[in-house]
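Visitor: I have a structure I would like to understand better, so I am pasting it below and will then ask my questions one at a time.
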Amino acid sequence: MPRLLSSALALRRDPRILKIPPYLSLLCILVGAVWLFLLPLNEYSRRTYISENALLPGQVHTYFGGSDQNVLRAYKQEVNTLVGKSNVEINDKLESIVRGLGLKTARQKFMFHAAGRTFEGENLYAILQAPRGDATEAIVLVAAWENVKHEVNKNGVPLVLTLARYFKRWSLWSKDIIILLSPDSIAGPQAWVDAYHDAHDSSRVASLPIKSGALQGAIAIDYVQENRFKSVHIVYDGVNGQLPNLDLINSVVNIAGGQMGMGVALQEMWNHNDKYPDRLRTMLRGMLKQGLGLASGPHSSFIPYHVDAVTLQPFGEGWQDEMAMGRVVEGTFRSLNNLLEHLHQSFFFYLLMHRERFVSIGTYLPSAMLVAANFTIMAIFLWMKSGQPEIPAASTTESSDKDDAPTRTTERDLFLPLAIVALSGSLSAIPLYIFNHVPESALTPLFYLFLLINTLFPITLSLTITALFSPTLQQYHLVKSFSLLLLGMFLSSLATLNFSLAMLIGLLSAPLSFVKPSSSPVSRIVGFVLLNLTSPPAVLLASAAIWGLNVGDILREVAVAWHVTGTYSAVVVWCVWWPAWLAGCVCVLGRPGRDQEEEKKVKKT
């Protein structure tokens with residue numbers, strides 16, 4: 001036993017032990033990335049299944065059709081006459097139609113300010129009271145006048161009106177059905193669902209005159225194409241990467257793909273052959289949308305309130321018509337009507353790679369955790385390295401005596417490193433505020449100005465710190481240690497809420513783990529160039545070029561999402577990633593004073 005303890009102490013004092021963490025950190029990044037690419041394989045993914053037995057999707061016969069098609073055509077003619085008119089005029093006409101069905105109607109005004117623009121309008125909604133219910137639960141059927149691409153929902157609105165008329169004739173409903181007709185797909189549904197849960201700002205969003213019970217689910221219809229369709233596209237991405245219960249998606253897939261014989265697509269993968277490349281592409285598209293955290297349809301506003309919702313979009317050229325789409329909605333509503341409690345049996349955290357293939361959180365989470373762990377490993381490594389004693393100038397002939405002596409550590413000077421890290425975090429409020437509050441016309445020039453400042457500021461900050469404080473190598477190690485510790489802590493916590501955002505930020509921040517201060521000007525320049533290529537503004541600019549978008553358009557969408565739907569992706573980018581990047585640049589450009597001089601003297605002796 002004493003020999004074992006002495007061996008452990010000797011291993012602890014062995015300087016070679018400190019060479020392991022950088023390689024271990026790199027291994028974590030590589031394994032995390034490879035893990036992600038293994039998920040589409042059959043060995044790591046699973047087939048989807050219905051967990052909630054009460055749903056019984058596809059088990060009932062749907063009757064929507066026949067004479068309802070004539071009613072739909074009449075409503076389409078009414079809707080076509082409203083194209084180009086104001087929101088109030090549209091609501092006046094639609095309200096008269098809905099009231100003619102015998103439903104209670106109400107309106108709600110809202111106004112949001114974002115990117116120098118005002119988003120205002122008026123929601124129209126109606127409540128179909130359940131003959132067999134007590135108004136304690138409700139299901140929502142949504143049709144926005146314009147979809148997220150600002151296309152008029154010419155078939156979706158008439159279909160919802162026809163379904164409302166059809167549902168009114170049935171006495172089987174145990175839950176109220178709310179018909180929501182909003183002027184747009186983002187601000188209108190968000191204002192309505194906020195007010196429904198009394199979480200709205202009364203100065204911008206009006207309260208709802210009438211309400212029903214707890215919302216159990218919502219289906220939005222985005223039907224803009226005029227001709228017959230082939231398949232249904234299910235849009236399920238919510239705000240901040242939140243997802244509906246997987247049972248809802250599986251029910252729609254079962255009803256549309258099984259009972260109705262339609263094709264079902266996810267993530268705009270119109271032709272999916274269920275092979276590895278298509279699975280991987282579907283998964284990565286879902287991760288990208290989840291990481292951005294933007295609303296993808298009217299359904300997105302419901303998910304943060306634990307209301308499972310999806311948007312259905314017909315696509316392709318086939319033989320399916322509006323009646324088939326109505327039967328899909330009817331079958332889904334009949335399934336939700338069977339529920340005795342909120343959907344909870346299935347998964348809320350998952351990655352879909354095919355309509356019948358998914359990966360649960362227990363399988364994919366380790367990849368993001370490994371990437372986040374690499375920052376923590378390097379932070380601990382740098383903390384230990386900062387406490388190493390100065391290299392002695394004496395001869396090593398008395399090594400046996402040193403081995404018996406206890407391990408020594410030097411005192412750490414924490415004030416300057418903590419101040420630099422705190423300064424980096426405080427400065428992050430500047431881009432966060434600017435890009436979320438300036439007018440849309442100023443976003444593009446301000447971005448390019450910030451890109452220039454972002455390149456020059458780390459150089460200026462590093463020269464200033466060097467001139468005023470002459471930081472030692474130990475202090476640079478501590479700056480990097482503290483910044484990486486915070487980055488790893490934030491990303492590991494974020495991974496449980498928004499896996500995709502944590503994974504994306506972790507991979508883009510990976511170079512921060514390996515850059516270090518150097519006495520060589522060439523090494524400093526190469527490290528600084530590498531960090532600038534992976535800085536938040538550079539990544540945003542490259543993304544805009546790849547997608548063929550204007551940087552200002554992306555920043556506008558992010559600003560609108562910040563003010564309207566409460567998307568927090570900008571907070572993660574500017575207040576988590578950017579401060580770590582700035583601290584890393586300070587370390588790369590730093591020129592340690594006393595420690596390097598002493599080490600050079602030691603090497604000469």
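Cβ coordinates come from backbone N, Cα and C, glycine included.
Per TrEMBL, the features are:
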TRANSMEM  20-41  transmembrane segment
TRANSMEM  361-384  transmembrane segment
TRANSMEM  414-435  transmembrane segment
TRANSMEM  447-470  transmembrane segment
TRANSMEM  482-510  transmembrane segment
TRANSMEM  522-547  transmembrane segment
TRANSMEM  567-590  transmembrane segment
Visitor: For the transmembrane segment (567-590) and the transmembrane segment (20-41), does the number of C-beta pairs under 8 Å, pairs 6 or more apart in sequence, reach 3 or more?
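Guide: The transmembrane segment (20-41) and the transmembrane segment (567-590): touching, no.
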Visitor: May I ask which of the stretches 20-41, 414-435, 447-470, 482-510, 522-547 has the most CB pairs under 8 A with the transmembrane segment (361-384)?
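Guide: Looking only at 20-41, 414-435, 447-470, 482-510, 522-547, the most contacts with the transmembrane segment (361-384) come from 482-510.
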Visitor: With the transmembrane segment (20-41) as the reference, find which of 447-470, 482-510, 522-547 contributes the most Cβ pairs under 8 Å.
Guide: 482-510
Visitor: May I ask for the residues of the chain that lie six or more residues beyond the transmembrane segment (522-547) and have a Cβ under 8 Å from a Cβ within it?
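Guide: Distal contacts: 447, 450-451, 454-455, 458-459, 508-509, 511-512, 515-516, 553-554, 573-574, 577-578, 581, 584-585, 588-589, 591.
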